[in-house]
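J.: From Swiss-Prot, here are the annotated features:
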{"type": "BINDING", "residues": "S113, L114, L115, P116", "note": "(6S)-5,6,7,8-tetrahydrofolate binding site"}
Amino acid sequence: MSDSLRIIFAGTPDFAARHLDALLTSGHNVVGVFTQPDRPAGRGKKLMPSPVKVLAEEKGLPVFQPVSLRPQENQQLVADLHADVMVVVAYGLILPKAVLDMPRLGCINVHGSLLPRWRGAAPIQRSLWAGDAETGVTIMQMDVGLDTGDMLYKLACPITAEDTSGSLYNKLAELGPQGLITTLKQLADGTAAPEAQNEALVTHAEKLSKEEARIDWSLSAAQLERCIRAFNPWPMSWLEIDGQPVKVWQASVIEDATQSLPGTILAATKQGIQVATGKGILNLLSLQPAGKKAMSAQDLLNSRREWFIPGNRLA
């Protein structure tokens, strides 16, 4: 293509690999790929390459895996590639200002939210957690702040009542490459129109933790149902019964008022396990005891009915 750009790609997980794959079929020239060092994974803790590294090596691209880009010799790896632009997607390393300034057109990032909403580490999960009606991707010019750069392009998608973080991740992994290719075309032909973020609209997407995913029955049923979808597939909402963690895969909200204390089991039938919350009733539909597969409430009641006796309270 006549407006082909020399591109350095920096990314690590599958989400990033999907963007690299789109670049490789776009007519641009990917001159080098930066990704995180191989990490131990699986039961055997064998060193495993990132999805981005696997794809890059399949395509015969030069791969670089520095632990940090702060050392001068690692920054020189970037400089020696003489790139027009560096594309960063879920890379996992901080880019020092010296690196941000190296490419002719700077560095651009694909972020999984409609900035300035949900800057930070967990934008997909927080959009579900908060009950947002839509989310999307933002392609932005990177600066030294955390997701603070000027916005170059946005694509939105609705959030449905059935979406989990896993399903939303897949939707944004389709949108992101579309937005990236459009943005690169605009950068190449000089039509990109950077837009500053409105600081008054900023929200921060804090990292998730397993402790946050423990079900707090004092919250409303609506909030808990959103948490269950937001924390799926990680870290998974959970409750503790007889000292065992039980993951919750699916639940629904029953708006009926109840005078029972939060955590009180109201009913346990094949239609679900109904539990009082701070507001409304949460109907547990699919659960996973430790060491078992996920199962319907009915199947769990067949083997563990003593866990869910109406009138008892869950911790």
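The backbone N, Cα and C atoms fix where each Cβ goes, and this holds for glycine too.
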J.: Around the (6S)-5,6,7,8-tetrahydrofolate site formed by S113, L114, L115, P116, which additional residues qualify by having Cβ within 8 Å of the site's Cβ center?
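T.: Once S113, L114, L115, P116 are set aside, the remaining close residues are H111, R117, W118, R119, P123, G136, T138, D147, M151, K154, Q197.
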J.: Which has the fewest other CB atoms in a 10 Å radius around its CB: L114, L115, the listed binding-site residues?
T.: L114
J.: Near S113 ((6S)-5,6,7,8-tetrahydrofolate binding site), which residues of its chain come within a Cβ-Cβ distance under 8 Å, counting only those 6 or more away in sequence?
T.: R119, P123, I124, R126, S127, T135, G136, V137, T138, A205
J.: Under a criterion of Cβ-Cβ distance under 8 Å and sequence separation of at least 6, what residues of the same chain contact P116 ((6S)-5,6,7,8-tetrahydrofolate binding site)?
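T.: Same-chain residues close to P116 ((6S)-5,6,7,8-tetrahydrofolate binding site) (Cβ under 8 Å, separated by 6 or more) are Q197, N198, E199, L201, V202, T203.
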